[in-house]
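As recorded in TrEMBL:
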- 7-396: domain 'Major facilitator superfamily (MFS) profile' (DOMAIN)
- 12-39: transmembrane segment (TRANSMEM)
- 45-70: transmembrane segment (TRANSMEM)
- 77-98: transmembrane segment (TRANSMEM)
- 104-122: transmembrane segment (TRANSMEM)
- 143-165: transmembrane segment (TRANSMEM)
- 171-190: transmembrane segment (TRANSMEM)
- 219-242: transmembrane segment (TRANSMEM)
- 254-273: transmembrane segment (TRANSMEM)
- 280-299: transmembrane segment (TRANSMEM)
- 305-326: transmembrane segment (TRANSMEM)
- 347-366: transmembrane segment (TRANSMEM)
- 372-392: transmembrane segment (TRANSMEM)
Amino acid sequence: MTFRTLTELPSAFRWLLAGRTMAILGNTVAPIGLALAIIDADGSAATIGIVVGARSAGNLLFVLAGGILADRFPRSVVLEGSSAASAITQGVVAWYVLSGGGSVVPLTLLALLNGICAAFASPASSALLPQTVPSTMRSQANAAMRLTLNLCAVASGALAALFLLVADPGWLIAFDALCFAVAGVLFSRVRVPAGTASKKESLMSQLRGGWVAFSEQKWLWQAIVGSTVMNLCFSGTIPVLGPILAEETFGSHLWGLVLGAQVGGLTVAAVLIMRSGRRISLRAGLLALPLGAALPLTLGVHPTFAVLLLAAFVGGLSMEVFGTVWETTLQDRIEPDKLGRVYSYDALGSFIGVPLGQVLVGPVSAELTPRTTLVIAGVLMVGAALAIARALGGERAAIKAA
């Protein structure tokens, strides 16, 4: 069977995909709406950092708790609750902003609450996916989910810009609340066989069980640490140093096309995986992974427009192929009743790596120059990719991959 259209996917997965799409749209629009509302109120960059940072902190601090709940209760119920709570908190923010409020304290508290609510969605969604499709379709289902989420993340900025042409930032936040509410309704339509969720264990016992499942499998924690390093190096350098070097070389007005080429690579890889109807082998993912360093290395060594377009496209292909393989590997190798907690550790690595990289890149590039920083970041990414390949390669014989 091939995934040529979404109608070929099991209905439970389609409802999950639709709900996750609305939720991720809400998550990506939320910081934009908050930032613009603060600009309208006082225009303070410091205030924006505090409020938006509070939402990120809520995600970071409670994602492990989200993994526990995903393994303790029915995952669709966790998603419904997370979406409802996110809709309520953003609805209150919208009401506060539209009524003229702009004080940093209530906005910060509400942003923190919204971040906490959203933290419960990611582990539950990822752990629920393998319950909605046969094991032979996991590669295609993961590719479809990743494609939709990547496109939503890219489109959210344009959507926000169009929305603000006709409405105030407060109404954008209200739209964000509506996205979460619709996501909750869609999640309620996901019907899967009863899983192994149990409330017999205490929360602390489940927390310890998740840590044991994570720490005892060497390949797992080594791969997550390596992925965190890659996130740190890529997300710390490309968004910050890319526009600077573009301005100095081929022109900042073309930088958006370079990022578009990366999205093109992500999209092409996802579509090819979906249409193939086959599971993507672990070997393919490991071979593709080092190519994820193509963009920072090219930007640091030879930042010409045409070469960067190719590097960005190849990097996008690489990240999508490995990302799909990684999701499928976790679903194949981790016990279903521990999958939510393992996914929460995976998400925690991503949450930590991105802001840490963005904090470090400024002082490092000031000391070493932007191009040198990019080359070092690229080399570290290749090293991390090889370490991940070594860790997962040791498990390859035990993993069933077509």
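Positions of Cβ are set from backbone N, Cα and C atoms, glycine also.
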Quick check for me: are there 3+ Cβ pairs below 8 Å between the transmembrane segment (372-392) and the transmembrane segment (280-299), leaving out pairs under 6 residues apart?
yes
Pairs of Cβ atoms less than 8 Å apart decide it: which stretch in 12-39, 45-70, 254-273, 347-366 has the most with the transmembrane segment (219-242)?
347-366
Looking at the domain 'Major facilitator superfamily (MFS) profile' (7-396) alone, can you tell me the average pLDDT?
86
With Cβ-Cβ distances below 8 Å as the criterion, list the same-chain residues six or more beyond the ends of the transmembrane segment (280-299) that contact it, or say none.
139, 230, 233-234, 237-238, 241-242, 245, 258, 262, 273, 307-308, 311-312, 314-315, 317-319, 321-322, 324-326, 328-329, 371, 374-375, 377-379, 381-382, 385-386, 388-389, 392-393, 396, 399, 401-402
Please indicate, using numbers and ranges, the residues of the same chain that are 6 or more beyond the transmembrane segment (143-165) and have a C-beta under 8 Å from a C-beta there.
3, 6, 9, 13, 16-17, 20-21, 24-25, 28-29, 32-33, 36, 129, 171-172, 175, 263, 266-267, 269-271, 273-274, 320, 323-324, 327
